[in-house]
Ligand SMILES: NC(=O)C1=CN([C@@H]2O[C@H](COP(=O)(O)OP(=O)(O)OC[C@H]3O[C@@H](n4cnc5c(N)ncnc54)[C@H](OP(=O)(O)O)[C@@H]3O)[C@@H](O)[C@H]2O)[C@@H](O)CC1
Ligand SMILES: Nc1ncnc2c1ncn2[C@@H]1O[C@H](COP(=O)(O)OP(=O)(O)O)[C@@H](O)[C@H]1O
Ligand SMILES: [K+]
């Protein structure tokens, strides 16, 4: 997994690399600019593009100047450089690159003392090298005017490192001017803010350019934030050994569904089965029995009575229980949840209505077995742990609650965040908006429960399950990835990842 750094830590990695490689900081800037240009030429190969590069006078602007020179050398011949001289300060590396750029005869450079001096903008594409990770306050004055004007042009904007005005960590505050970039080419690691929904209005997409910073230094930096990679899953997925049998892969039970929402029980059970549990049982209302037997003959039923309780369950035989999808929040469901929490002491997966029931009967949280996995979406998270103004405060709460409760919390979103009892905060990169359809979360509950039953450590079941769930959604390749389609992808995807 990749360590994600704050802007301050990234500066430290920058200084460390410069010292350990005995290079000049301008060399690192050159490296970063080469890495940017490599990706830029892949994305925009047309050399006849008219490009305007807007530069500040800090190191982000220095990058912009070096990038302008390298783009000229790469054959982009219509380049205009606009330098925002809104401050008397400039960095040494900016000045070095300013001198280097002026040696090019055919590059147009214009210096701006105020935003109104911009004039007409006739370029096809704008590169934003105004401000980068050095941002230390919201934009105001000329910066705000310039960014507001650039946004009003509705041109394709490619940001160097980060869109100007977007904070690198906490995400965007409302009411401040921030550049809206089509693409950000970020150095070495994505910024934490890119992974939070607050960046959505300002950033359509990002790519990461490797600029050669010291990887050991980065991985050993303090801090809880990591980005999951495919390798983390490949290393951990169990290879199914020749002499393994159904007993090897555990018995999972899904407590889900109600007469009107049997689909949730079917989806979560099917996901559990397809993710490899040795045996899968579904605790369902009697009215769902025909549907279960007809659609999932492999899954066994534990029928619930009219009052919502199953009769004589041998709890010991299950390695894992997942509870919540489509369960409802009526008195029967509450009794059922109480029965499960009273009788089952191994880690469980709590989702949807199980979480809503706990939110309304918060004393129940004390009975949740240690190392359990909670899978709330944003609203369920807030119901459980209180309202939050922004995602950054949700992250702080997630880290705190996961460690104090000794549970893993899976906060579902575009980049689902997995908080582990050890205090780690893992961002999952897989998934697609095609999965934004009812029942996707039910599939995730089934997958994580399946992994728990198969013997994975609970926090690993959570992050492997989340990764696999998103990757399966991507494989559907459709405008929409229905949960059923996603589940169908699981066996082949997992075989590829495990072998
Ligand atoms: N590993 C790395 O990190 C590498 C980084 N590299 C590049 O360096 C970039 C960071 O450069 P940077 O530190 O010089 O800051 P940058 O973003 O250019 O800002 C300039 C100055 O603007 C000011 N300022 C801040 N907020 C403001 C505001 N709201 N309104 C007005 N002014 C504001 C503030 O100055 P101050 O106000 O503190 O005097 C700040 O110092 C990074 O994004 C990447 O492109 C690569 O070259 C190599 C590897
Ligand atoms: N835009 C998106 N990008 C990536 N994943 C998404 C997106 N929208 C939804 N998902 C995933 O789909 C699932 C939705 O879960 P949830 O909100 O509980 O849905 P439901 O209750 O309908 O099952 C989550 O795992 C979430 O990460
Ligand atoms: K920028």
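Cβ coordinates are placed from backbone N, Cα and C, and glycine is handled just like the others.
Bear in mind that TrEMBL entries carry predicted annotations, made automatically and left uncurated.
Annotation comment: TrEMBL describes 10-219 as domain 'YjeF N-terminal'.
Feature annotation from TrEMBL assigns (6S)-NADPHX binding site to 59-63, 132-138, 161, 264, 326, 377, 442. DSSP classifies residue 133 ((6S)-NADPHX binding site) as coil under the three-state reduction. The Cβ of residue 133 ((6S)-NADPHX binding site) lies under 8 Å from the Cβ of 7, 10, 11, 60, 161, 162, 168, 191, each of these being in the same chain and 6 or more residues away along the sequence.
Taken from TrEMBL, the feature K(+) binding site covers 60, 128, 164. In the three-state DSSP scheme, residue 60 (K(+) binding site) is classed as helix.
Residues or ranges marked as domain 'YjeF C-terminal' in TrEMBL: 229-497. Mean pLDDT of the predicted structure over the domain 'YjeF C-terminal' (229-497): 96.
Residues or ranges marked as AMP binding site in TrEMBL: 412, 413, 414, 415, 416, 441. Taking a C-beta cut-off of under 8 Å and a sequence gap of six or more, residue 415 (AMP binding site) has these contacts in its own chain: 195, 196, 427, 428, 429, 431.
Its own atom aside, the Cβ of residue 128 (K(+) binding site) has 28 Cβ atoms within 10 angstroms in the protein chains shown. Ranking the binding-site residues 59, 413, 414, 416 by the distance of their Cα atoms from the Cα of residue 128 (K(+) binding site) places 59 first. Look at the Cβ of each of the binding-site residues 377, 412, 414 and count the other Cβ atoms within 10 Å; the largest number goes with 412. Ranking the binding-site residues 59, 136, 416 by the number of CB atoms within 10 A of their own CB puts 59 at the top. Highlighted in sequence order, 377, 411, 417, 428, 431, 466 have their Cβ within 8 Å of the centre of the Cβ atoms of 412, 413, 414, 415, 416, 441, the residues recorded for AMP, and are not part of that set. DSSP gives residue 415 (AMP binding site) a coil state; it is part of no helix or strand.
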